[in-house]
Amino acid sequence: MSIHVKNNIHWVGQRDWEVRDFHGTEYKTHKGTSYNSYLIREGKNVLIDTVDHKFSREFVQNLAAEIDLATIDYVVINHAEEDHAGALTELMARIPGTPIYCTHNAIDSITGHHHHPEWNFHPVKTGDSLDIGNGKQLVFIETPMLHWPDSMMTYMTEDAVLFSNDAFGQHYCDEHLFNDEVDQTELMEQCQRYYANILTPFSPLVTAKIKEVLGFNLPVSMVATSHGIVWREDPTQIILKYLEWADHYQEDRITLFYDSMSNNTRMMADAIAQGIHEVDPGVAVKIYNVARHDKNEILTQVFRSKGILVGSSTMNNVMMPKVAGMLEEITGLRFRNKRASAFGSYGWTGGAVDRIQTRLMDAGFDISISLKAKWRPDGSALAECREHGRQLARQWALHPLDAPRPLATTQATPAPEMPAAVTAAPKATAAAAEWDDDQAMLCTVCQWVYDPAQGEPDQLVAPGTPWAQVPDSFLCPGCGIGKEVFEPCAVEACV
């Protein structure tokens, strides 16, 4: 079954109502998902992306009912991951010589998944275009690490449709295809969940890439994503949201999560939350047991929060395993502009709290004092927990607590405005800031470190070259992204 998108563009993807786990079991898809593939019929027939490999045969059968496969002139693969390009083997068996347009990195990924190096690959880079007839072109825009090195977007001129790949999407299945046809609250919840759990580590690149795309001054009438709905009504709303979420996002919200063997740490969490509420009744407070709640919901709440409290009983002098796993996830997501504190109960040693505090510091949180309670907290210990909550509420307040609360309490900063005309993403050069000659620089995407003492001989950057003198054409050896995603870092702190 196909769905008309616009003019000669049709959706030919696959809905997946049943899927509940994505990326292995790392992402819970309670609302299902869709694998969006698009068929363009102009002077040339173009297929943009396929579907997940488990639907390969069904996809090709449905596509053959829509169009004579032999008349497909080009296949465009925006992303090589199996939920996008999974049906390629089944499809290319039917049309083996058809050109496949993708990035250089995608050729490696596609070949690694499908083991067909003989396919007719045509690598593209940002600014390359493909004439599809009737005065229309496809323009390609590389988006490395959003969220794979091979990722790109495709823009269709005249129709002004941006096929955005994973960006601006959501794991959300609905019989309706367009954003104006579905529940808006549910939709935005899934968009934020998707960003928080998948794209947060790449926020600096999100901002740079959106500004680069806007700098082309191309009109956008629709954003056709790879998962979930197509943005037809006011498509710039999701672009604005991404700019907001990428800008050290926080709300006036505090999240507590914990694990407990005997409910002692749970009692502490409840008391701390009570203390926060006593001092700042307007702040949103949520409590989660990591052993019982949806991990991705907790991570989304962490993304939204100005501060978090992480609690654990001590077991074998370390934290509970599920708390440790959650902190590993949080470290990888690289949240910014957030405060944190550890708490927990113990019997004879209290190693869990100290280890949590260290992990939170390593993850980039602004650390506040921690709290321990021995054995089951009594009335005095619970009073101490409530006082701890009161102190944190005062320290973490986004507004004077003795003044009337602002009307808009959920946002720490106003949403950014869409630039009227934006130039290409700014380069992190000496013009923007002056660095010491020995200043190391950290790639915020892959964590590779540029050490001036070592330089980067593979790119003809000699040892002893300060960052300000590194050419603007420099690309991170770890992820292939430019200087705009680097930030200062002490060498000893980065290695």
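From the backbone N, Cα and C atoms, a Cβ is placed for every residue, glycine too.
Per Swiss-Prot, the feature region 'Zinc metallo-hydrolase' maps to 30-210.
What Swiss-Prot lists as Fe cation 1 binding site is His79, Glu81, His147, Asp166. Its Cβ placed at the centre, His147 (Fe cation 1 binding site) has 20 other Cβ atoms within 10 Å.
Annotation note: Asp166 (Fe cation 1 binding site) sits in a coil segment as assigned by DSSP. Asp166 (Fe cation 1 binding site) is surrounded by 23 other CB atoms, counting those within 10 A of its CB over all protein chains shown. Annotation comment: Swiss-Prot describes Asp83, Asp166, His227 as Fe cation 2 binding site.
Annotation source Swiss-Prot lists domain 'Flavodoxin-like' at 254-393.
Sequence annotations record features per position, and here Swiss-Prot assigns FMN binding site to 260-264, 342-369. Sequence-distant contacts of Asp362 (FMN binding site), defined by Cβ-Cβ distance under 8 angstroms and a gap of at least six in the same chain, are Thr331.
Look at Swiss-Prot and you will find 438-489 tagged as domain 'Rubredoxin-like', backed by sequence analysis. Confidence annotation: the domain 'Rubredoxin-like' (438-489) carries a mean pLDDT of 85 in the model.
The Fe cation 3 binding site annotation in Swiss-Prot covers Cys443, Cys446, Cys476, Cys479. Note on Cys443 (Fe cation 3 binding site): other Cβ atoms within 10 Å of its Cβ, all shown chains, come to 24.
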Under 8 Å by Cβ from Ala342 (FMN binding site), same chain, sequence gap 6 or more: Leu309, Val310, Gly311, Val353, Asp354, Ile356, Gln357, Leu360, Ser370, Leu371
Spatially closest candidate among Ser260, Gly347, Cys446, the listed binding-site residues, to His79 (Fe cation 1 binding site) (Cα to Cα): Cys446
C-alpha spacing of Cys443 (Fe cation 3 binding site) relative to His147 (Fe cation 1 binding site), in angstrom: 15
Non-site residues, in chain order, whose CB comes within 8 A of the mean position of the CB atoms of Asp83, Asp166, His227 at Fe cation 2: Thr33, Tyr35, Asn36, His79, Glu81, His84, Asn165, Gly169, His171, Thr225, Ser226
Between Ile367 (FMN binding site) and Asp166 (Fe cation 1 binding site): CA-CA distance (Å): 33
Local Cβ density at Glu81 (Fe cation 1 binding site) - other Cβ atoms counted within 10 Å: 22
For the Fe cation 1 site built from His79, Glu81, His147, Asp166, further residues of that chain with CB within 8 A of the site's CB center: Asp83, His84, Leu146, Trp148, Ser151, Asn165, Ser226
